[in-house]
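The block underneath contains the structure these notes are about, expressed in structure tokens.
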Amino acid sequence: MSQDNNFSQGPVPQSARKGVLALTFVMLGLTFFSASMWTGGTLGTGLSYHDFFLAVLIGNLLLGIYTSFLGYIGAKTGLTTHLLARFSFGVKGSWLPSLLLGGTQVGWFGVGVAMFAIPVGKATGLDINLLIAVSGLLMTVTVFFGISALTVLSLIAVPAIACLGGYSVWLAVNGMGGLDALKAVVPAQPLDFNVALALVVGSFISAGTLTADFVRFGRNAKLAVLVAMVAFFLGNSLMFIFGAAGAAALGMADISDVMIAQGLLLPAIVVLGLNIWTTNDNALYASGLGFANITGMSSKTLSVINGIIGTVCALWLYNNFVGWLTFLSAAIPPVGGVIIADYLMNRRRYEHFATTRMMSVNWVAILAVALGIAAGHWLPGIVPVNAVLGGALSYLILNPILNRKTTAAMTHVEANSVE
């Protein structure tokens, strides 16, 4: 692989593309995240058995469809999410989604570090701040090696978390006296179904919007759709189930407390640590690509800086986790909606990244994101879905009208350059 093995400033060449199996493990390493188990615990204690599965399957199906669109575009073009955003937002306009997406990934990194350090501190009596510092440093170091390191870590962590989660579910069901007893559990504090759906989608809408950053390494765009669906519909659903079963059986929403109560302290520390490590490295990798789009600096250097920032802010982010998900569920989806909408309208432009003429700032795209956020906040229904559709539809309607002359001029120039 070349020195810039992150390919942060241009398309991934065919020589650096990877097979579907390697990408599937990388994406499962992303979605097999303990945060989904924590959210699953919240749903498991707040929803009935039937409503839990309905919320998880609907929410992750929506996530799978959304990320499949973005994965297809990423694999077809070989471009990062942030370079794709230049087509719709403009070269400097793309700095806004890069800042928003890159910043949230730094936040997720901090949440992940705390999710590992706090239960280990509870169980061992070691200082939590020291654990945060050490684990944050170790997780930051490996991201320097790029997509290859993510693949190796995922090959280890994905089977391990599947085994641990499956065993925890088996203990929970047996401890209750069978599946029928688990089905009969009535939530002490019921959770609104629309809120539950927003939590499911919000749990991975930020990382899901960055699907292109990982799947762009795929050799086949159609298979990239399969990779995204497996990772988000199947992988993320399993993580919710792993978290919910023990939570419902023991009445504890915190997965670390559940694992300790089930006598799984040591394997939980090792396996959940690996699990968080893979997702956190994915988060830092993606954040580096985002800030590289803004600064032009090496994405590897920026990933290390972001790791330090996320480590310092870890405890604050962990303590505001539900609020963080609520923010993400409305603020991030319109960005992906705009990228998808522009590709559907102008897909031929994406074939010539190096020569395509782009606006400096496309204010229509920024307005569409604002309208998408408003749709998510004010319209009834599922917040992230309203936000995606609001952003995409606003862009599809407004961009051809407000940028009619600019779009026509750019199309004319590009047609002549191709000829």
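Yeah, the Cβs are placed from backbone N, Cα and C, and that goes for glycine too.
According to Swiss-Prot, the topological domain 'Cytoplasmic' annotation covers 1-19, 72-100, 148-152, 213-221, 278-300, 342-358, 401-419. The feature topological domain 'Periplasmic' is assigned by Swiss-Prot to 40-51, 121-127, 173-192, 243-257, with a curator's inference given as support. As annotated by Swiss-Prot, transmembrane segment applies to 20-39, 52-71, 101-120, 128-147, 153-172, 193-212, 222-242, 258-277, 301-320, 322-341, 359-378, 381-400.
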Same-chain residues at least 6 beyond the ends of the transmembrane segment (153-172) whose Cβ lies under 8 Å from its Cβ atoms: 25-26, 28-29, 32, 37, 142, 182, 238-239, 241-242, 245-246, 248-250, 258-259, 262, 264, 267-268, 270-272, 274-275, 277-278, 281
Positions whose Cβ lies under 8 angstroms from the topological domain 'Periplasmic' (173-192), at least six residues beyond its ends: 42-43, 45-50, 245, 248-251, 262
Stretch contact, the transmembrane segment (381-400) with the transmembrane segment (258-277), Cβ-Cβ under 8 Å, 3+ pairs: no
Whether the transmembrane segment (258-277) meets the transmembrane segment (101-120): three or more C-beta pairs under 8 angstroms: yes
Selected stretch (most C-beta pairs under 8 A with the transmembrane segment (101-120)) from 20-39, 301-320, 359-378: 301-320
Outside the transmembrane segment (222-242), six or more residues from its ends: residues with CB under 8 Å to it: 20, 23-24, 27-28, 30-34, 36-37, 39-40, 43, 52, 56-57, 60-61, 63-64, 67-68, 70-72, 74-76, 161-162, 164-166, 168-169, 200, 203-204, 208, 211, 215, 255
Beyond the flanks of the topological domain 'Cytoplasmic' (148-152) by at least 6 residues, Cβ under 8 Å: 1, 5, 18, 22, 25-26, 29, 142, 214, 278, 281-282, 285
For the topological domain 'Periplasmic' (40-51), sequence-distant contacts whose Cβ falls under 8 Å of one of its Cβ atoms, 6 or more beyond its ends: 182-191, 193, 196, 199-200, 239-248, 251-255, 258, 322
